[in-house]
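Heads up, the thing below is written out as structure tokens.
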Amino acid sequence: MGTAFRNMLSSFFLVFLLSPLVLSASNDGMFRVGLKKKKLDQVNRFTTQYGSKAEELVRMRLTRYGLANDLASYDDADIVPLKNYLDAQYFGEIGIGTPPQKFTVIFDTGSSNLWVPSSKCYFSIACLLHSKYNARRSSSYTKNGKKAEIHYGTGAISGYFSKDHVTLGDLVVENQDFIEATREPSLTFVAAKFDGILGLGFQEISVGKAVPVWYNMVNQGLVKEPVFSFWLNRNADEEEGGEIVFGGVDPDHYIGKHTWAPVSQKGYWQFDMDDVLVDGETTGFCADGCSAIADSGTSLLAGPMAVVAQINHAIGAAGVVSVECKTVVTQYGKQILELLLSESQPKKVCSKIGLCTFDGKRDVSMGIESVVDVKVDKSSGGIHDSMCTACEMAVVWMQNQLKQNETEERILDYANQLCERLPSPMGESAVDCSRLSTMPSVSFTIAGKTFDLGPEEYILKVGEGAAAQCISGFIALDVPPPRGPLWILGDVFMGRYHTVFDYGNLRVGFAEAA
């Protein structure tokens, strides 16, 4: 993959926000945010300016079981129009203070704090390039001063808490705690078109245990029902990018009924997932259960490397060759197969051949700093090396092939091919655009229903004609137990499926988007 294309991809997946949007008037407590499109030449201007350094940005980046009729009606909700940056990020405008100071923010279901740059941010280039909150200009400001720091997948911000009114359209959330960022050291925030982030996750993951904006919208009676929903427009030819509806759902933007999954763990909008399938065939990875989160702040679909490698193999994506992976298959492949055939517990195979440390319950897996901020319990064995990671992936692949009654030779050959398809360190994998019509579907089974994604939905196309480049919408992200294995269903998934976040009943709903 050429340097120019890699740079273009990096900026493609930025958490970019663009020009200010026009907010529609609220309708009886229902509020929307709209989306608009930007041309690719804006990406090229960025890559020309920043070059290969942009690569670090590629990874930047929730109980009744009735239907929509037990939610608020469309007329009783507030709708915030969103803007869309190349199907990669969706954002809208808010105000903070009295009179409101305008900011463009990512509406992120994968975090829970609101932060914007502070007028006291003097030494970060990112602050110089974005709107800054000035407490002296607000008659409703209340001092807090408690220090705060947030780490994302790429980049971090730090500053202190303040309290002020937050305006979303005609709604005014009073006395909202938020972070004034005084340091934004990452290139992520220098290049981004957004000023800050408005988190829509649960208070359990809120830095400083600050009450999220959404909680206060509910507590202050600003919405009729404790529900918000996302429609993300994936049609690149349309200017409208989509909307968030606070307080209900818009029936014009989904087809049929929503399938509901209970929130399994508060923090992220996390739920249980039954299976991941490629062309209708199980990948075998969720046999012992998988979890997923619906995350509007992630552009792509992130999942365990073992499964992403299988998907990349099936769609013909070209990744980097992993020496460790091929070494494990060559040196230990037959031994792994023998242990699996002897009905040895799959989770103990890698420790039995000496590549992993077993803590009595599971192999100790490498901790990967990610959007979910997972930490490894070092007392249970510490962090293991890449050979253990490769072994664990090989076990998953071989176990699945054994279930299909494949021969030893075919299984080892298949594992070697998957080693070739491992994603690059930055996660992106290229595919041949001419092969889209022959690529398989990739499906996720949630609450007993299968949600399909076709190649036109999980492949992102950059450019037109002969110059077009295509990349896989799947990136690898290994989250160890107890939080993982975890799938992050980002905008690629939420663009195909209208998503409802039902805070009152602690469930997430998916229906085909219209």
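Glycine residues also receive a Cβ, built from the backbone N, Cα and C atoms like all the rest.
Under the heading signal peptide, TrEMBL lists 1-24.
Residues or ranges marked as domain 'Peptidase A1' by TrEMBL: 90-511.
For Asp108 (active site), the same-chain residues 6+ apart in sequence whose C-beta sits under 8 angstroms from its C-beta are Ile197, Leu198, Gly199, Leu200, Gly201, Asp295, Ser296, Gly297. Annotation source TrEMBL lists active site at Asp108 (among others).
Residue density at Cys121 (disulfide bond): 22 other Cβ atoms are found within 10 A of its Cβ, drawing on all protein chains shown. According to TrEMBL, the feature disulfide bond maps to Cys121-Cys127.
Annotation comment: TrEMBL describes Asp295 (among others) as active site.
Secondary structure of the domain 'Saposin B-type' (320-360), assigned with DSSP and counted as helix (H, G, I), strand (E, B) and coil, comes to 26 helix, 1 strand, 14 coil. As annotated by TrEMBL, domain 'Saposin B-type' applies to 320-360 (among others).
Looking only at the domain 'Saposin B-type' (384-425), the predicted model's pLDDT averages out at 86. Marked as domain 'Saposin B-type' by TrEMBL: 384-425 (among others).
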For each of the recorded positions (Cys127, Asp295), count the other CB atoms lying within 10 A of its CB, then report the residue with the highest count. Asp295
